[in-house]
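K.L.:
Right, I'll just put the structure down here and ask away after.
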Amino acid sequence: MTQTFDEPAASPALLLLGTRTDPMSERGVDCPGDLPAASDPGLVERARAAKEALGDRVFILGHHYQRDEVIQFADVTGDSFKLARDAANRPGAEFIVFCGVHFMAESADILTSDNQAVILPDMAAGCSMADMAGINQVEDAWAQLEEAGVASRTVPVTYMNSTAAIKAFCGRHEGAVCTSSNAEVALRWAFDTVGGVAGDGKVLFMPDQHLGRNTAVLGLGLGLDDCIVWDPRKPLGGNTPEAIAAARMILWKGHCSVHGRFRKDNVDTLREQVPGINIIVHPECTHEVVTSADFVGSTEYIIAAIDAAEPGTAWGIGTELNLVRRLADAHPDKQVHFLEDTVCFCSTMNRIDLPHLVWVLESLVAGTVPNRIVVDAVTQEQARIALDRMLALPAQQPEKD
Ligand code: 13P
Ligand code: SF4
């Protein structure tokens, strides 16, 4: 007897990710087109054929946290800093297919010309960290800092992992964007504009409190007590006026739900299990995890460190699992361990899969442009100021242990 399977009705609790609209999120709506079935054995061939038919008209960017099935079709791979540069350096490509998350595609749209279309294969590929800072919350926080008399001595710096509206806010208020590859030089630049690290100026760092704290303390030599956390749900961010007056770093209360999962006891356990292991983590991890690791740096830094490592060495890596798995596969002569004890991908990065990529590429071949990311002209202009400030910064020296 043939068995049939009826798709259950979607639970309202599950609608937030990828279906209809979600006003609380930077991610979008589900795909309007007919996605090929994930089980279709011809998907790889279909993607290859569509990409070949498009030729130089299409340029595919792949963030390091993307699935293998997608990365194999990327013309370039990179962390968010490298991909922003790569997108800006491809003026000839009519279509930029961004295999990453929404805020990255927005940045690519800002950095490319208006006649280039930036496409995100699944509009539901957002970022929970970016969602932790809404533009209204940031405007409200700034108004409170103005009221407290400190805004004129405060420079807003936003991590790339934020909406275009927040990048535009930084552009309007003499601030900049940074990524995990250049957060230290960006913070130094920001402090220099208000009297230097040794002065009394402040930085409002959004939305990742961990990257802000780790960079300020380990990179700039500020103290933990120079940092306060701004909780947008509380008056004055949950701080006293005195604490705000004394603070040097005002850290937005946001975090990455992937890197936030690593704990110090993961580090301790791996050290016990594998004597001599090197622990290397991304600066989105908590300060406790970063200070118990041997090395800290962006995804590009982590890749370079494992590439350069001696055969036979052991590594515990605290970053997204797709990347760690690829590093393990690429280095069979080294021991590569995932730092966490449960297995967790970035669920939104993982939204981009081969069916979505095939759908996008075949739509382009057929003459329609699906899932175009368009940032409005005013936001583009202001966000570009903050992005250009970042791109003009001197290169950051590789992290130290
Ligand atoms: P980088 O790409 O800057 O290393 O950031 C990691 C990340 O979480 C991207 O979403
Ligand atoms: Fe956002 Fe973290 Fe996923 Fe990056 S890894 S997209 S910061 S949730």
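Every residue, even glycine, has its Cβ placed from backbone N, Cα and C.
A TrEMBL annotation is a machine prediction, not a hand-curated record.
Here's the feature list from TrEMBL:
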BINDING   H63, S80, Y159, M160, N161, S180, H282, P283, E284, T299  iminosuccinate binding site
BINDING   C127, C256, C346  [4Fe-4S] cluster binding site
K.L.:
Taking the recorded [4Fe-4S] cluster site as C127, C256, C346, identify the other residues of that chain whose CB atom sits within 8 Å of the mean position of the site's CB atoms, giving them in sequence order.
P.N.:
Y65, V101, S128, M129, N161, S257, V258, H259, E320, T348, M349
K.L.:
Based on a Cβ-to-ligand 2 distance below 6 Å, what subset of the binding-site residues H63, Y159, N161, C256 would you report?
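P.N.:
Near ligand 2, sequence order: N161, C256.
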K.L.:
Note down the number of other Cβ atoms within 10 Å of the Cβ of N161 (iminosuccinate binding site), including every protein chain shown.
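P.N.:
If we count other Cβ atoms within 10 Å of N161 (iminosuccinate binding site), we arrive at 29.
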K.L.:
Around H282 (iminosuccinate binding site), which residues of its chain at least 6 apart sit with Cβ under 8 Å of its Cβ?
P.N.:
S180, H259, V296, G297, S298, T299, I302, G318, T319
K.L.:
What's the longest C-alpha separation between any two of H63, S80, Y159, M160, N161, S180, H282, P283, E284, T299, the listed iminosuccinate-binding residues, in angstrom?
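P.N.:
Among the residues the record ties to iminosuccinate, max Cα distance equals 17 Å.
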K.L.:
Hey, of H63, Y159, E284, which of those binding-site residues are within 10 Å of C256 ([4Fe-4S] cluster binding site), Cα to Cα?
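P.N.:
The binding-site residues passing the 10 Å Cα test are E284.
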K.L.:
If I take the alpha carbons of Y159 (iminosuccinate binding site) and C127 ([4Fe-4S] cluster binding site), what is the distance between them in whole Å?
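P.N.:
Y159 (iminosuccinate binding site) and C127 ([4Fe-4S] cluster binding site) have their Cα atoms 12 Å apart.
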